[in-house]
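Here is the structure we will look at.
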Amino acid sequence: MSLTRVSVTAVRNLHPVTLSPSPRINILYGDNGSGKTSVLEAIHLLGLARSFRSARLQPVIQYEEAACTVFGQVMLANGIASNLGISRERQGEFTIRIDGQNARSAAQLAETLPLQLINPDSFRLLEGAPKIRRQFLDWGVFHVEPRFLPVWQRLQKALRQRNSWLRHGKLDPASQAAWDRELSLASDEIDAYRRSYIQALKPVFEETLAELVSLDDLTLSYYRGWDKDRDLLEVLASSLLRDQQMGHTQAGPQRADLRIRLSGHNAAEILSRGQQKLVVCALRIAQGHLINRAKRGQCVYLVDDLPSELDEQHRMALCRLLEDLGCQVFITCVDPQLLKDGWRTDTPVSMFHVEHGKVSQTTTIGSEA
């Protein structure tokens, strides 16, 4: 799975551009502020209908433009080309088109174009709140387990109903009990999917991490969000008074976490910045391997400022792991010479120079393996 064409209009400082990227390695280089990251942001918009740089749309849409648009052609795993398009307006409205038809939700984009982002904010996967790690976990489950999304939607609906009742007390006891049962059933299914995914992820992550850095005492564990020895219905009943006082449900899969520890301590508090980056890269590369194994296509990787925080040895190791995935990768850097020895001679590599928002292809080397 790869993008064969990307057209971008009115995204930040970028001039209108149509790119024909390599199916493997694509390097965007140029000075800081030239627009390299904006190209990755445009691809991210195409795959997820949102920016990774801003929760607000206004900074993403070019000044004096009403909307930004990104179109792409994706070569699917079955060899069929799929056309994607998204237009986002300043007011927040968006239109998604897949093969000429309006799409109902961004989930359809995500399913068609699985994206993995590695950027300077990726440290938040280790340092940030549990919500970030849940999103990482659920992204992986979504892409390997087709039954996950409808169950997750059931869970969200039941959770909204229960939290509304906790705040306003407008449900009769029978309705309350019914929503608690629905919440418990959906939670058990979500927990089972997540647990199965972690069991598959751990050995792949450990093997991938060993290729990047020696951290033998680093462990990955899963907390499901409530006592592992108690049924969620029982926990909900026993915590009802406290939940009413807090105004929301305290236990359940919405409180799950992926715990990453080194010698029993929070890894984020011990690891250097470079080590943290390598751990995050290993996690995201491991997810790519699982998608490949599940025959659900391949990820497209967006790697912003790959050389930062890494010495030459670790840069080369990361390049080789990305190359061995056999998928499409978009990498930004200031100095492309730092990456020139990272690829095998037969790997297709396209180079794009970005200057003052203008993107131009400079070199294509290698041939498709």
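Cβ coordinates are placed from backbone N, Cα and C, and glycine is handled just like the others.
Remember, it's a predicted structure, so these values are computed and weren't measured experimentally.
As annotated by Swiss-Prot, ATP binding site applies to Gly30, Asp31, Asn32, Gly33, Ser34, Gly35, Lys36, Thr37, with the evidence given as sequence analysis.
For the binding-site residues shown (Gly30, Gly33, Gly35), fewest C-beta neighbours within 10 angstroms: Gly33. The Cβ of Asn32 (ATP binding site) lies under 8 Å from the Cβ of Val334, each of which sits 6+ residues away along the same chain. Cβ neighbour count for Ser34 (ATP binding site): 22 (other Cβ atoms within 10 Å of its Cβ, all protein chains included). Counting only same-chain residues at least 6 apart in sequence, those with a Cβ under 8 Å from the Cβ of Lys36 (ATP binding site) are Leu28, Tyr29, Gly30, Asp304, Thr332, Cys333, Val354.
Within 8 Å of the centroid defined by the CB atoms of Gly30, Asp31, Asn32, Gly33, Ser34, Gly35, Lys36, Thr37, the record's ATP site, lie the Cβ atoms of Thr332, Val334, Val354, Glu355, excluding the listed residues themselves. It is Asp31, among the binding-site residues Asp31, Thr37, whose Cβ has the fewest other Cβ atoms within 10 Å in the structure shown.
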